[in-house]
Amino acid sequence: MANYFNTLNLREQLDQLGRCRFMDRSEFATEADYLKGKKVVIVGCGAQGLNQGLNMRDSGLDVAYALRQAAIDEQRQSYKNAKENGFEVGSYETLIPQADLVVNLTPDKQHTNVVETVMPLMKEGAALGYSHGFNVVEEGMQIRKDLTVVMVAPKCPGTEVREEYKRGFGVPTLIAVHPENDPKGEGWDIAKAWAAATGGHRAGCLESSFVAEVKSDLMGEQTILCGMLQAGSIVCYEKMVAEGIDPGYAGKLLQYGWETITEALKFGGITHMMDRLSNPAKIKAFELSEELKDLMRPLYNKHMDDIISGHFSSTMMADWANDDANLLGWRAETGETAFENYPSTDVEISEQEYFDNGILMVAMVRAGVELAFEAMTASGIIDESAYYESLHELPLIANTIARKRLYEMNVVISDTAEYGNYLFANVATPLLREKFMPSVGTDVIGKGLGETSNQVDNATLIAVNETIRNHPVEYIGEELRGYMTDMKRIAVGG
């Protein structure tokens, strides 16, 4: 199979990369009706599979789970997940031929095998659904021409898909139809009904493409969403402990600090996050973030280039063929880092203290979001896609670190995201350790500036504020957050 994106000419590539339109709520007036009375069969019952299925059932759809016979016979976790929640469970051979929509929610590395197995069993004119387009775009899966191929990609982990639905809300969702597979012209009707059944239409849906979803998703998760948080956690912890800060305090400041700092980002963008700092601290964070952007821009651009060219996906698929040797080795190394093993502490840290003593963390967030956004948009990805795959998802990933450190983040994200995270962090960590961290002190990470006066130069502060507020990510962010008026707040510090 050939990489689908690389078979397109330049005009087609740019057209697909630039697809992203915020859909009006009126476009979902019929909600999930198009799929009512039809059979939805989900393959895979992990976090996305189970939680999307629960939402779809609660929205009035007929949902069942098709699992491999071995998973049923051995009563594996996927079987238990489905059975304990009262779903019909059967083998591929039993359920797939009945399905009007087969939703493939297995891990990326299983997609080729799963699709090649279920496709001969699917009835004429049925639909095949994905929540990530890697198999179609990067592996170039050829799908039977009578089948409609759609994507509904919630922009958060599966557990959040369920929790937001139960609140009567949803999570922002990208939807797409594969242009090579829409024989009856019903792809958008199916995708919209599926998205509405998960609750996504209540938070906002973006009409996208398989290409735009894959390329932006890979870039976001490798850099700011996971790689930057991992590298930042490791080097900031090392710095604080080396400078005599209590390891328990240092670890807690980072573990819960990312979540607290990005919570401000969620509600008011980079502008509001920076406004949570005192004026002297804001100027310091701005200066640090400018240094970080200069240092790390080549690394961000390399990741974007490797994603666009297909080099990243071919490298990762080679590791799949080698039994995930690199992935598993890097996972073990992460578990051995000092931050992952810091001693627990009862020390209390107030919400504002996370900002005051985490100035460098704020700088890393600003630098990382802006660099990821800039690399994506410079490559033809439209602002809306770049926003969702950088700034918007960051608080959701930071929340996983607050639960169980980097381990939890890497468990919750996909293996594809985890592999890309390590690729980035393995370069970013020594880069920061050698080229940046020696020049910073505990005034920006661990202790705070301790200023007795809030006095700053007026012209400097005005210039800093102007630069922060006039970045393109702030303009599109303000527009898109306007559609998400019911975002929930976190409980600070776990």
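Going from the start of the chain as shown, residues are counted 1 onward.
For all residues, glycine too, the Cβ spot is worked out from N, Cα and C.
Worth saying up front: this structure is predicted, and the values here are computed from it rather than measured.
Together with C45, G46, A47, Q48, R68, R76, S78, D108, K109, Q110, Swiss-Prot lists one candidate of G140, G158, G168, G170 for binding NADP(+), that being G158. Annotated Mg(2+) 2-binding residues in Swiss-Prot are E389, E393, and among D182, D189, D217 the one listed with them is D217. Remark: secondary structure over the domain 'KARI C-terminal knotted 1' (209-344) totals 117 helix, 0 strand, 19 coil, with classes taken from DSSP. Counting only same-chain residues six or more apart in sequence, the Cβ atoms lying under 8 angstroms from the Cβ of R68 (NADP(+) binding site) belong to S91, Y92. The average per-residue pLDDT of the prediction over the domain 'KARI C-terminal knotted 2' (345-487) is 94, rounded to a whole number. In this structure, the C-alpha atom of E221 (Mg(2+) 1 binding site) lies 7 angstrom from that of E389 (Mg(2+) 2 binding site). Taking Cβ-Cβ distances under 8 Å and a sequence separation of 6 or more, the neighbours of A47 (NADP(+) binding site) in its chain are P157, G158, T159, V412. DSSP gives K109 (NADP(+) binding site) a helix state. Within 10 Å of the C-beta atom of G158 (NADP(+) binding site) sit 21 other C-beta atoms, taking all shown protein chains into account. Classification of R68 (NADP(+) binding site) by DSSP places it in coil, neither helical nor stranded.
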